[in-house]
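One structure is given here, and the rest of the page talks about it.
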Amino acid sequence: MAEEEGPTVELRQRRKLKSSENKESAKEEKIRDTPMPERAPKHVLFQRFAKIFIGCLAAVTSGMMYALYLSAYHERKFWFSNRQELEREITFQGVYELTHNNKTVSLKTINAVQQMSLYPELIASVLYQATGSNEIIEPVYFYIGIVFGLQGIYVTALFVTSWLMSGTWLAGMLTVAWFIINRVDTTRIEYSIPLRENWALPYFACQIAALTGYLKSNLNTYGERFCYLLMSASTYTFMMMWEYSHYLLFLQAISLFLLDSFSLEQSEKVHEVYKIYIFSLFLGYLLQFENSALLVSPLLSLVVALMLAKCLQLNVKKGTFIAKIMKVINFYLVCTLTVTLNIIMKMFVPHKENGHMLKFLEVKFGLNMTKNFTMNWLLCQESLQAPSQDFFLRLTQSSLLPFYVLVLIICFLSMMQVIFRRINGKSLKETITLEDGRIGGRPEIIYHVIHTILLGSLAMVIEGLKYLWTPYVCMLAAFGVCSPELWMTLFKWLRLRTVHPVLLALILSMAVPTIIGLSLWKEFFPRLMTELMELQEFYDPDTVELMTWIKRQAPVAAVFAGSPQLMGAIKLCTGWMVTSLPLYSDDDLLKRNENIYQIYSKRSAEDIYKILTSYKANYLIVEDAICNEVGTMRGCRVKDLLDIANGHVVCEEGDKLTYSKYGRFCHEVKINYSPYVNYFTRVYWNRSYFVYKINTVISFQS
């Protein structure tokens, strides 16, 4: 037996040796046959350098000009520099409290930095002190200067992204033009400067720009490393700046997962991005006072599921039937693991996730009905409604929407064509050239197509999410019309023969954006200049008088009660303690808001008195605008929603008619008769506000 096994083993060793020699010789021949890259001539290097230099200069200039435009427009709209400090704070509508204290909300100790997501203000205050700016500039100017500067970075990042995708900085210029012209739908910076999204979205735009470069197939090692580092830093910063950032990154992770499924060559890069997500989530958890919302976020569950699924994957030859089956199984496995892990995390990790958001979505999509005041009040908010026709009309008038739809259709169909070929096992070229006319084969294009479809689907349901989607629309539309590849893809489908397709694609990629740019300049540039020249009037003397009275007449230890929006302004402008704040991520504060809003319902004076004293309130402020509100949307006035919640009106479902034996409190308390004067004493009023002192000793009068 040993003699028979000897020749067999020797034969196997010879075969292995022969096969290894064949492989080595094949590699040597491949290396020998591969042409060595020739060094580019000096004039070519100069052209490349000039193109990059001009593009970078245009990108930075665009961002700086936009920041200066915002500053000038803000000054013209509010006369900011000519106003007193109190008036500036009212027009500013921000929050300065950066401490952990029990002097903001009565009977409640809050971590203001955590609950109000005041990390941007904390960073701004550190910079303000560290740079010595406190001796040069007022805090409010330093603050808005940072925010406007971030908006400039936002625009620059969009510029760079469209440039990376199209290969020409002309696309970046068109992106900026569309962004500014449609700024009513691309940003809320004009309405409220300190919104968290105004701090966070610039970093998200930088992350998308870095991700776009990172996914490109022809990126060199140094460029790939730079994009990876920039992506890591911007992802973490974005997560720190906005409490809802992990939801947006969840959509991005879904886009990358689908990209990984469709574009096999980018698998390793995509999994490197997953590692960035995990690192950012855990670092954010530690630095955000152990924020459990990050541990139970769908983003973490999805990324962990993807990592586990990768470990379970088998090496199967691509294109085979078994490989296709494994892809389907992998997809099902990831979805199942994501849901399972999220349920398990919520079972074992103590969290205060926004449960009211899930209830809101149930009611929004008609899966449930409710009479709850908070739910119905949220449903009535304009930003949570479906987009109006005016939104689409504005995008169409600026020519943005038609070109976006055209670009999206071409990219999507090309992407599906490439995916279909891969499913059928057809080999595709690794390097895509202009002549191929296959724009849907580029990984970064596949990612952007999927991502914009996901964002667009959400924006079609909730108008407030259009501020995430519309900048994307500007960038994608500009990239498409400036990309010769997109035109070449279209010509390939049309089988154009009369004119050389490559030449025509190059001509159109220059001519079309130029024509669009000139038409936009002619129509919209005069309007922008007019806005900067006109002095707009902001006049709110009633609010200024109210704040002045509080600062001069109210005791320092006084606690004020009223609508959450007004309480936020009082806390900002005066520093006095309040019963509630306009925060909608805290269940306790939501309940407080609903209880305090009862001052506009048909409840007795005694009921309102008990509610207010339970929160240790000393003063009550009734707003005439809410008490006598004439709403345009049926059933969305605060008093209507309160009547529905309290059962004081007939509902459409056919409930029995019930009346309250009490009049509306906000009306009755103004008349100054018993029993209202027993509980409340009016101490100040003007055309908009009525301030009542809540009596500590009740003296009943006949």
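The backbone N, Cα and C atoms fix where each Cβ goes, glycine too.
In TrEMBL, annotation is done automatically, which means it is predicted and not curated.
Database features (TrEMBL):
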REGION    1-35  region 'Disordered'
COMPBIAS  18-35  compositional bias 'Basic and acidic residues'
TRANSMEM  52-73  transmembrane segment
TRANSMEM  140-157  transmembrane segment
TRANSMEM  163-181  transmembrane segment
TRANSMEM  226-242  transmembrane segment
TRANSMEM  295-316  transmembrane segment
TRANSMEM  328-349  transmembrane segment
TRANSMEM  401-420  transmembrane segment
TRANSMEM  445-462  transmembrane segment
TRANSMEM  468-490  transmembrane segment
TRANSMEM  502-521  transmembrane segment
Interface present between the transmembrane segment (328-349) and the transmembrane segment (401-420) (three or more C-beta pairs under 8 A): no
Folded-back contacts onto the transmembrane segment (140-157), same chain, C-beta under 8 angstroms, at least six residues removed: 59-60, 62-64, 66-67, 70-71, 74, 88-89, 92, 94, 121, 124, 127-128, 133, 176, 179-180, 187, 189, 193-194, 198-199, 201-202, 205-206, 208-209, 471
Remote residues contacting the transmembrane segment (295-316) - C-beta distance under 8 A, at least 6 residues beyond either end: 246-247, 249-250, 253-254, 257, 271, 274, 277-278, 281, 285, 322-323, 326, 330, 333-334, 337-339, 341-342, 345-346, 349, 351, 353
Best-contacting stretch, by C-beta pairs under 8 Å, relative to the transmembrane segment (502-521) and drawn from 52-73, 163-181, 328-349, 445-462, 468-490: 468-490
For the transmembrane segment (52-73): best-contacting stretch of 163-181, 445-462, 468-490, by Cβ pairs under 8 Å: 163-181
